[in-house]
């Protein structure tokens with residue numbers, strides 16, 4: 001085991017705080033409508049220009065191991081917020097930095113870290129309740145477009161595209177963002193289906209950067225049972241290889257020798273292939289396999305129907321234009337099933353929804369209906385250069401996630417105003433002075449996002465925050481895009497409650513861990529072994545005794 005270096009108390013916290021500051025300072029410049037760009041060097045290709053907080057955070061790795069631990073903890077805040085809410089990563093980073101800074105000062109002044117944490121938790125719980133009470137529900141397509149526009153850094157067309165996509169496939173429908181072949185950004189709704197099963201082995205991945213497997217013009221084998229060896233499948237595998245097209249296997253499971261053989265064939269390049277587990281369980285799995293069969297024009301290979309794997313021919317396989325498989329989901333786009341068959345299946349599911357008395361069954365049937373009838377909306381992102389397309393795609397992904405979050409939990413005034421207003425409404429009381437200090441830390445930290453937005457726009461943060469708080473109106477705030485004060489919701493500047501809430505909860509959670517840290521352990525750098533001494537010269541002719 002390698003030797004370790006250990007730092008305690010104040011020394012540890014100072015190192016950690018330095019790491020937090022380096023990462024947060026790089027991320028927070030992207031906040032708000034006048035957020036600046038960050039350029040990220042790539043080992044190959046053009047550098048990447050982005051305003052996406054989580055993309056910046058993911059690139060940061062520091063040389064000093066103790067500083068790096070602090071930076072990685074805050075990076076965790078950004079990714080966790082991104083995973084849950086899909087947006088708000090920069091806000092979460094700014095809040096985490098503010099809470100850690102104030103908390104570290106309080107601990108250095110001799111306060112009890114555990115009481116500070118209790119105070120922080122009390123204040124955060126109250127702010128979350130306040131945000132949920134103030135939330136305004138999203139009802140119209142125009143409101144959806146407004147949320148999308150804000151999250152895409154004020155790009156109105158993006159907001160309109162997202163609103164239209166949600167209108168076409170429903171709020172819970174599947175919307176994907178792809179790179180276009182042209183300079184224009186366009187919206188296309190494609191018949192498709194998504195289910196929550198990912199690839200069985202990461203070796204099936206075709207795009208290592210995003211860790212997804214994309215298969216174009218693909219055959220789909222639907223099998224009801226487990227596959228543990230491929231002997232019985234050889235005839236159909238050989239037939240697929242002859243066509244030169246990829247194959248997706250959807251079965252109860254693919255294990256052992258069968259999975260190993262598929263992986264080896266994929267790696268050797270003989271067979272473009274991927275395997276996923278069938279969605280659902282028991283009878284529902286059978287029904288969902290039937291749904292996929294109807295959507296793709298294939299047949300479920302089932303012993304109930306007397307079909308054996310050995311006798312499967314190409315015409316029994318389903319077909320689709322594209323299948324995209326991530327770690328968690330599989331999306332089948334543009335299956336070649338007959339429209340009349342799909343409509344018949346939809347009518348059948350609707351009839352079952354009418355008849356069922358169980359709420360759970362009804363919910364699952366409605367999910368199946370959405371998958372069959374809803375389709376997949378694809379927003380194709382265009383631009384004149386590859387760098388521009390990538391940057392735009394990041395923003396549209398953020399905007400889409402924010403819009404979904406807004407539909408789920410409602411909206412509050414944007415621009416950091418909701419948190420700013422909550423800061424003066426915190427009435428929680430701690431049982432001692434240290435808990436009170438924890439509550440005050442959150443009060444001050446809640447002003448950080450609004451201050452940062454003003455700073456990024458080149459304005460004096462203290463004046464902006466003072467003016468907003470002087471007016472006793474919940475929606476009154478500062479539009480950094482135009483430099484005007486007024487009703488934020490009226491100006492279309494809004495934040496989804498889910499995004500603001502998640503950002504605050506994640507930031508407080510990680511910041512509390514950092515404040516209550518008393519020791520840090522890291523591996524010492526390995527010392528280079530001393531080089532072997534060179535032989536003595538001029539002794540070639542000596543006789544050995």
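Here the Cβ of each residue, glycine as well, is placed from N, Cα and C on the backbone.
When the candidates 15, 51, 65, 393 are compared with the ATP site entry in Swiss-Prot, which names 30, 31, 32, 33, 87, 88, 89, 90, 91, 415, 495, the shared residue is 51. Long-range Cβ neighbours of residue 88 (ATP binding site) (same chain, at least 6 residues apart, Cβ-Cβ under 8 Å): 81, 82, 402, 495, 499, 500, 502, 503. DSSP classifies residue 90 (ATP binding site) as helix under the three-state reduction. For the ATP site listed in the record, the two most distant Cα atoms among 30, 31, 32, 33, 51, 87, 88, 89, 90, 91, 415, 495 lie 17 Å apart. Local packing around the binding-site residues 30, 90 was summarised as the count of other Cβ atoms within 10 Å of each Cβ; on this measure the leading residue is 90.
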